[in-house]
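*Asks:* Quick one: structure below, then a few questions.
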């Protein structure tokens, strides 16, 4: 029987027992790569080896740290403190940060890679802004105790909603091997295979329902005949209406809206409400914190005026850091506000981000409100009915009437 791992030991990617003290030794991948002048694949092996050795001691053995978690923890405080040194530095850094984040987003999106960078950046930004507020703003005496409690409660509620949004978005169970072999024999005329869940034809196509069918993985007599089916070649199952396959998660999700990098998870039938709630709490908490900080630093001016005209903001380093963090929060809040606006409009027209994207690609939707929302017309039943349908998502036995049939 093998001895248990000590706090500094771990099992590496080769399945061998290793120690943190030996992380700089036994560099076979590095030696091999250098000796052969970095042949194809050597850089990947070196990166995998380095990532495998980034660990911290823990009780049951050294725990591996995802490398994408580290950059926000190190770079964000450095950038904000440098930006607080001078107005021009702040202008350059606060302009560059969104560009860098967007560039990294498109890079990972193109490679179809999952990363914890954005989740780490979001959570650490919340924690660090709250820390700066308590350390630099509250001691000035302009913020009341009740206001600090209100801001803290808003932050806790937002984190609770975010935790709920991180749960199962509504993954469709992967069928067993026997069911997979059954579906592999389905005739192509009945169901046309599609890894992205874009098409269905023949006997498997039909009229859609304002909500998802309860069945999956096989055509059953219990399902309505008019329910539109969609075959997923990757998951080897028949999806109900409005379900989609996420390329990043590798799973099919009921009523898939989109894959959100900020929570590193899909937004679907079971967590869409919590996602909207988390965005709403974030907006309220962020705007409230910005208002309190500007009122303290900028001498009682209205928040909008103080954001652009705050004499003395750089008179001392504490005020400069607080003002820089306010602008950072304002930029993030504007981006999240846009996401929340699009989400609310989509809910009002009962369309998901995935459906809007496919409608644009196939030229089957109408651009409304200056292109902010794409109305497919397939599930739209009016403002109140659409919101009633959204608020009933995830219920165990949703009630459907004949009016739901498209």
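Each residue, glycine too, has its Cβ placed from N, Cα and C.
Any TrEMBL annotation is an automated prediction that lacks curation.
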*Asks:* Checking feature assignment: transmembrane segment per TrEMBL, candidates 317-341, 342-366, 367-391. Which range matches?
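*Replies:* Transmembrane segment, as annotated by TrEMBL, spans 317-341.
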*Asks:* Looking at the candidate ranges 44-61, 116-133, 170-187, 188-205, report the one that TrEMBL labels transmembrane segment.
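*Replies:* The range carrying the transmembrane segment annotation in TrEMBL is 116-133.
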*Asks:* Quick test of your reading of TrEMBL: among 78-104, 213-239, where does it put transmembrane segment?
*Replies:* 78-104
*Asks:* As a test: from 116-133, 145-162, 274-297, 317-341, pick the stretch that has the greatest number of Cβ pairs under 8 Å with the transmembrane segment (78-104).
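*Replies:* It is 317-341, which has the most Cβ pairs under 8 Å.
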*Asks:* Restricting to the same chain and to residues at least six past its boundaries, which positions have a Cβ under 8 Å from a Cβ of the transmembrane segment (317-341)?
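*Replies:* Here the qualifying positions are 80-81, 83-85, 90, 94, 97-98, 125, 129, 132-133, 136-137, 276, 279-280, 282-283, 286-287, 289-290, 293-294, 296-298, 307, 310, 372.
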*Asks:* For the domain 'Palmitoyltransferase DHHC' (228-356), what's the model's average pLDDT?
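*Replies:* It averages 91.
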